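Take a look at the structure below.
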Amino acid sequence: MIGTLVATAFWAMLPAYVPNNAAVLAGGGRPVDGGREWRGARLLGDGKTWRGTAVGTLVGVLLALALNRLADPASAALGADLPTFALPAAFALAFGAMCGDIGASFLKRRSGRERGAAFPGLDQLDFVVGALVLAFAVDTDWALAVFTPRVLAVVLVMTPVLHVVTNVGAYALGVKDEPW
Ligand code: CTP
Ligand code: K
Ligand code: MG
């Protein structure tokens with residue numbers, strides 16, 4: 001059933017979806033790159049801060065722990081087999097998402113894009129790639145069981161749509177500086 005596939009994909013990726021949004025709200029303070037430049041541009045830029053990265057990761061982990069308590073009733077209600085998150089998997093999804101976003105900023109600066117510039121494609125999938133790579137590395141058995149090829153396919157299609165909707169919404173609310 002496509003419905004249960006979508007529910008499983010959304011549930012499993014929630015701890016990776018929320019950190020970026022939490023970082024937007026919590027960001028500020030010292031940049032991760034300490035202001036350093038490399039080859040004529042900032043290493044990462046002022047948009048990647050220690051506070052945003054830490055709070056984003058923490059919020060993602062806490063959300064995963066909250067989902068663990070809801071997994072049984074939610075599974076029953078949706079007729080799906082929603083996964084729970086052991087701490088390593090929760091951390092990998094949340095921190096991996098933040099790292100993917102940071103990696104994208106590195107690539108943006110290397111390609112001459114200023115802070116806040118759009119990089120279509122990369123903007124929508126950087127955090128997914130980071131989250132999945134770290135989750136498969138940290139808890140391979142869990143990741144293989146949860147992210148089946150079909151769930152992965154749904155994640156890759158659904159995430160860019162959700163990302164665009166979320167960011168346009170955050171921009172309209174005045175929370176985010178750009179609608180991407
Ligand atoms: N943010 C942060 N730390 C992070 C990620 C995001 O503090 N690790 C905050 C910053 O305030 C950032 C905002 O969230 O400006 C929006 O995030 P994002 O769009 O990823 O950053 P940009 O400012 O657009 O910078 P970049 O061009 O490097 O993506
Ligand atoms: K980004
Ligand atoms: Mg941005």
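Placed from the backbone N, Cα and C atoms, the Cβ positions cover glycine too.
Curation plays no part in TrEMBL annotations; they are all automatic predictions.
Of the given residue ranges 19-36, 127-144, TrEMBL assigns the label transmembrane segment to 127-144. With a threshold of 8 Å between CB atoms, the same-chain residues lying at least 6 positions outside the transmembrane segment (127-144) that come near it are 13, 15-17, 19-20, 83, 86, 88-89, 91-101, 103, 152, 155-156, 159.
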